[in-house]
Amino acid sequence: MDLYEHQARQLFEEHGIVVPRAEVTDSPERAREIARALGGRAVVKAQVKTGGRGKAGGVRLAADPAEAEQAARRILGMDIKGHRVGAVMVAEPCDIEWEFYVSYVLDRASGGFLAVASAEGGTEIEEVAARRPEAVARIPVDPATGVHTATAVRIADAAGLPPQTVDTLVRLWKVLVREDALLVEVNPLVRTVEGRIVALDGKVTLDDNALFRQARWGQEHPAIPDSPEARARAKGLNYVKLDGEVGVIGNGAGLVMSTLDVVAGCGARPADFLDIGGGASARVMADGLSVVLSDPDVKSVLVNVFGGITACDAVADGIVRALDEVRLTKPLVVRLAGNNAARGRALLDARAHPLVEQATTMDGAARRAARLATAAPAPGHAG
Amino acid sequence: MAIYLTKESKVLVQGMTGAEGMKHTRRMLAAGTDVVGGVNPRKAGGTVDFDGRTVPVFGSVREGVERTGADVTVVFVPPAFAKAAVVEAADAGIGLAVVITEGIPVHDAVALTAHARAEGTRVIGPNCPGLITPGQSNAGIIPPDITKPGRIGLVSKSGTLTYQLMYELRDLGFSTCVGIGGDPVVGTSHIDCLTAFQDDPDTDLIILIGEIGGDAEERAAAHIREHVTKPVVGYIAGFTAPEGRTMGHAGAIVSGSSGTARAKKEALEAAGVRVGSTPTETARHVLDLLRGAAQDDARAGARA
């Protein structure tokens, strides 16, 4: 889960990293008051979980409180790369002498964390990294020891950062470890004309697996309350909405991803990713089916289950149960293989629903579901 | 021979007395695995009966190793305790720790794999189905009755795709199938398994299953080009996955232009790997290659 900039700022501050004075608000009038309290001049920054805010007009410098209010009015409600701006952070401006880039990031290749640092921070850091990789230092961190002063000195040296940044590097590592973060990034970390080291902007990505011991931030809420995604989350299902017309339900992330690809290969587009997981019960299957059927874009549904741990008769039982709970208005193609598949197929045969058909292979099932979706009459034309 | 796991392997189960541990220990025993004990400090000294086979419960991994000579552990303990469980196993000198547990925090995964590496313990997983050497031993939750012993080696990030391929090629059979897990940090990589299969005299062909996220498949492709002479057939899942969304597995995410299925497929093909567009086509590539090899052998035999 990504944090908002103001949440990252708060974490940095709690760990003793110097950050600009700032407050968050969703009201332009309040933005004016905050700017006044900060001394008049202020930076008004959109709070969205995406990059490229500045280029999209989501960051404005205000010369006085009235301008801060105006800026907030313009930024609030903006759409930045599909993210609606619901709040702005009003911060004191800094007179920047030098911009750095520092981060700790998970490196999957080595199975550990890397310190990444550059004396050429700012919005162009990705171009710097692409054009002149030697300007970006990448130093593996030993997980057994972490980052203490000696390591931080090595990182600063390698990147050409002034020794003043060492303290920030050590504290930033503490943020990473204590918060169970996968990424902590400060860009830019600046030296002001007064010689202070300040974390001007930050990004923190937390590990969803660690939520059990990091309850503070809570679960992320889906953007649209009454969507299939919100319903899936409420039922604890692993669901991702896509923009096609074939609803897909399967067991195991790999098999479901593969099923989406096979559907696409048949000339249709998958409407979702829904993994009912290993050992899924009839209840989970019924919940999954009701979520997928609630998506108005879905024209046919493909259930692809390979019973390893999952018992196919439990899956079939879930489908039969769902048929009793929700009125099926879209064709359903079911492919069951593996553990208890024969019993599962027999259960579905016995239910003999006119809109439910079975297929024996994954490719055959996908072809059939794709054909049903693309041949289905448009809504309103039925009957 | 096979890799990592044979009928000689003596297997401990950490978390055996929990619901999942009980269920899968029963299955492992039925598949012929030599399960020599469970570990649970609160039930030390007791035994558990599995369909007539009595399995002792030890207070610690070290005690289990000393009493039984165990060299493999299968870990079913909850996420919050998994790091401690693997560290304990590594410190007790266990050679192979198979971590089934899903949802282990990444910082714990980093720490436990680093510790195990330093102690010389191979970790498979976390968040994986384990590994099976059909007809010999099964360490984890892979259903043992899908396939039979054979000469294909398989390494995969995905459990159910592993089962699907085992099923498609059930008439040929497998030497060892390894589910390495789909988390961002895992103890055993595709490359580790490729190396082991290349050196295994009982493996003729290797199937590599990957999915979006990271660059493990690209690195595997570079390794294949340099070091693998046995035929390799690949499959990659996630061509239709949208950017920036996690697809079930914590590690299955396309970030910007990196981690895409297309890049992985192209890297593998450039290394001479045949990559199937569906699991079924992947199985067909395997059949074609083995049939071709059989014909070559026959021709060589006819000439001799």
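Start at 1 and count along the chain as shown; that gives each residue its number.
Each residue, glycine too, has its Cβ placed from N, Cα and C.
Among the candidates B:Lys43, B:Lys83, B:Lys148, B:Lys157, the one that TrEMBL lists alongside B:Thr17, B:Gly18, B:Ala19, B:Glu20, B:Ile100, B:Thr101, B:Glu102 as binding CoA is B:Lys43. For the binding-site residues B:Thr17, B:Thr101, the largest tally of other C-beta atoms within 10 A is found at B:Thr101. Using a Cβ-Cβ cut-off of under 8 Å to chain A, the recorded positions B:Gly18, B:Lys43, B:Ile100, B:Thr101, B:Tyr163, B:His249 reduce to B:Tyr163, B:His249. Along the domain 'CoA-binding' (B:4-104), the predicted structure has mean pLDDT 96. Taken residue by residue, the domain 'CoA-binding' (B:4-104) breaks down under DSSP into 36 helix, 29 strand, 36 coil. Just so you know, of the binding-site residues B:Ala19, B:Ile100, the Cβ with the fewest other Cβ atoms around it within 10 Å is the one at B:Ala19. Secondary structure at B:Tyr163 (substrate binding site), taken from DSSP and collapsed to helix, strand or coil, is helix. For the pair B:Tyr163 (substrate binding site) and B:Thr17 (CoA binding site), the C-alpha distance works out to 26 angstrom. Neighbour list (B:Glu102 (CoA binding site), Cβ cut-off 8 Å, at least 6 residues apart, same chain): B:Pro79, B:Pro126, B:Asn127.
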